[in-house]
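Written out below as structure tokens is the structure these notes cover.
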Amino acid sequence: MTAVSDVSRQDLRRVAREAFGARNIVFVGLMGAGKSVIGKMVATALELPFVDSDAEIERVSQMTIAELFDLYGETEFRALEARVIERLLKSGPRVLSTGGGAFINEKSRALIKDEAVSIWLKADLDVLWERVKKRDTRPLLKTAEPEQTLKTLMEKRYPIYAEADITINSRNVRKEVIVEETIAALAARAGEAAIS
Ligand SMILES: Nc1ncnc2c1ncn2[C@@H]1O[C@H](COP(=O)(O)OP(=O)(O)O)[C@@H](O)[C@H]1O
Ligand SMILES: O=C(O)C1=C[C@@H](OP(=O)(O)O)[C@@H](O)[C@H](O)C1
Ligand SMILES: [Mg+2]
């Protein structure tokens, strides 16, 4: 037997896919918010292609993000990141998870606004810190006080991430819950667009 909630979940997916499947869906937000993981799960649920810009940068450069920062510095990394994001947006549609700094770049932000519906995965500092402290792959956090660094980035960047079309509260609940909330928010936005 099919439960009612399964039917409505399928309906929400259909509405979201029909409204946004022909447009890029872009995840933005700070390190640890869940962009890479949740973006991939949303793409799978909506049966849309997925790419993570950091993974694409690593693929084309044949280097890790940490190696790129070490060898060329942040400025060069940002230039490469902006080029990769432009190419991915223009060759979409797809679900694109960006690295945390991508939406801060003015040109990439303008492109994302033009070419995509953007979703900010917003999380509190303690949630982010618990997640990112487990891995040492993020060069910006190789500082004497990484939690403070994350807090400083949060203060600088949150007003900018707030320009995204949709905000989802990323917290310590099952990832599937965040995925369903994201799809429901996309479907709701599709409904708003249909009315206005
Ligand atoms: N809702 C969640 N519950 C538990 N862990 C999560 C959740 N969302 C993300 N994570 C974990 O947090 C870590 C960072 O996620 P990731 O997708 O790499 O974030 P980002 O790409 O935004 O930096 C990963 O280990 C991921 O599995
Ligand atoms: O916030 C940032 O400036 C960065 C975030 C990272 O991606 P995630 O947000 O996926 O960790 C990665 O692009 C790089 O280390 C820089
Ligand atoms: Mg990521």
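Don't overthink the numbers, they just go from 1 along the chain as shown.
Glycine is no exception: its Cβ is also placed from the backbone N, Cα and C atoms.
All annotation found in TrEMBL is predicted automatically rather than curated by experts.
Taken from TrEMBL, the feature ATP binding site applies to GLY32, ALA33, GLY34, LYS35, SER36, VAL37, ARG138. Note: ALA33 (ATP binding site) has non-local neighbours GLY100, LEU121, LYS122, ALA123, LEU128, SER170, i.e. same-chain residues 6+ apart with C-beta under 8 A of its own C-beta.
TrEMBL lists SER36 with the feature Mg(2+) binding site. In the three-state DSSP classification, SER36 (ATP binding site) falls within a helix. Within its own chain, SER36 (ATP binding site) has ASP52, ASP54, ALA55, SER97 as residues 6 or more apart in sequence whose C-beta sits under 8 angstroms from its own.
According to its DSSP assignment, GLY100 (substrate binding site) is coil. According to TrEMBL, the substrate binding site annotation covers ASP54, ARG78, GLY100, ARG157.
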Distance-selected binding-site residues near ligand 2 (C-beta under 6 Å), from SER36, VAL37, ASP54, GLY100, ARG138: SER36, ASP54, GLY100, ARG138
Cα proximity to ARG78 (substrate binding site), best match among binding-site residues GLY32, GLY34, LYS35, VAL37, ARG138: ARG138
Entries of GLY34, LYS35, SER36, VAL37, GLY100, ARG157 (binding-site residues) sitting next to ligand 3, with Cβ under 6 Å as the cut-off: LYS35, SER36
The one of GLY32, GLY34, ARG78, ARG138 whose CB sees the fewest other CB atoms within 10 Å, among these binding-site residues: ARG78
Binding-site residues whose CB lies under 6 angstroms from ligand 1, from ASP54, ARG78, ARG138, ARG157: none
ARG157 (substrate binding site) and GLY32 (ATP binding site), distance between Cα atoms, whole Å: 14
